[in-house]
């Protein structure tokens, strides 16, 4: 009988990536097949996020529901991973004895051994250690599930912003070797992936080891990924302004594969609040980065994160944030009311902004951003946008859907063979959360590169010297 696995994922794109790797890993080692129905699963995994308020209580509420399933099926294995697992550790077991496995973001690769331990001994196991890059060395080969894919290039963060739990839950910055990243991207390209999104908590701090003992910077990695045939779009997330260096900006001048869209969190427009957050930059320095970016790529569109109601935020501080939003003219944003995270320096600050004031400021900020989003969308009316077709539309199975380079969802009439390919679409209608258009050019009418597998590249470029020894000649 086929064994079933169900994973519930909360949080960031890194968590989504980790969950996909868990499913692939347990599929390859134990033969588990994915199920959307928790009630029919043999293993239930909860991949958690601790960024938002009451994250722990949300976890224990879910575990309470899963406990009922375990009462019906005592052989059911329940595991908790992610950032809440890193924070809570053994405490999860004390509050929820139904949990068999507690693992951190850096120990998910040990899940097969943990499951074997539980199945063999019927005793629980907790492993929330930080074994650095070992995680990536033990994960299965990448498997494409469409024309877009996430590729993790680094883990952790060294910035220790006062509001953030990431350094405590995912550890400090560790970069994957550049060759490992490039080989994974090439494998995905060979499976039909056309767009990659490079992931990291602080992705522009990437410093990956090279095969010859050197160090590959993030700017160099971007150019190397862009050189892989079949990869026509590159995104990345998330960045920190203090490491958004000139060499990264220069990539926007000469690498068209890098999309004209950037998520660069600023959090606040007030220098006083930025100092309290330990962001290590000012609003003026942030604006200087944006000026350089727009000089390198005039059509670039920007998004940001904003924390509303940080301890000590005055009306004047908030107005400085609103001024920054207007001056930069952000396309989109992810904005949240501040909530204290246990164990962070900000948790010891006096949270003196009332909830009503926080909600009012959030409404004002989001309303302004929504106006700017609509303005950007209206400017696209009548323009031709290149779309990567991701599949059928959620609005109608008779239509296709895909994203522009600036991350707008576009619905249009097309044929099934377009899925996984690029098409040029004229925008004919602007809706609240999407666009509509008409196909004016198919991929066959474009001059795009054909992907090659890593094996075919090696075979094509392999030479033999006078002794018959194979050498690689790029």
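Placed from the backbone N, Cα and C atoms, the Cβ positions cover glycine too.
Annotation source Swiss-Prot lists domain 'MTTase N-terminal' at 3-120. Secondary structure of the domain 'MTTase N-terminal' (3-120) per DSSP (helix as H, G, I; strand as E, B; remaining residues coil): 64 helix, 23 strand, 31 coil.
Annotated [4Fe-4S] cluster 1 binding site per Swiss-Prot: 12, 49, 83, in sequence order. Sequence-distant contacts of residue 12 ([4Fe-4S] cluster 1 binding site), defined by Cβ-Cβ distance under 8 angstroms and a gap of at least six in the same chain, are 49, 51.
The domain 'Radical SAM core' annotation in Swiss-Prot covers 143-375.
DSSP gives residue 164 ([4Fe-4S] cluster 2 binding site) a coil state; it is part of no helix or strand. Around residue 164 ([4Fe-4S] cluster 2 binding site), a 10 Å sphere centred on its CB holds 22 further CB atoms from the protein chains shown. The feature [4Fe-4S] cluster 2 binding site is assigned by Swiss-Prot to 157, 161, 164.
The domain 'TRAM' annotation in Swiss-Prot covers 378-441 and is backed by sequence analysis.
Counting Cβ atoms from all protein chains shown, residue 157 ([4Fe-4S] cluster 2 binding site) has 22 others lying within 10 Å of its own Cβ. Note: the Cα of residue 164 ([4Fe-4S] cluster 2 binding site) and the Cα of residue 83 ([4Fe-4S] cluster 1 binding site) are spaced 11 Å from each other. Counting other CB atoms no more than 10 Å from each candidate's CB, the binding-site residues 49, 83, 161 peak at 83. Helix, strand and coil counts under DSSP for the domain 'TRAM' (378-441) come to 5 helix, 33 strand, 26 coil.
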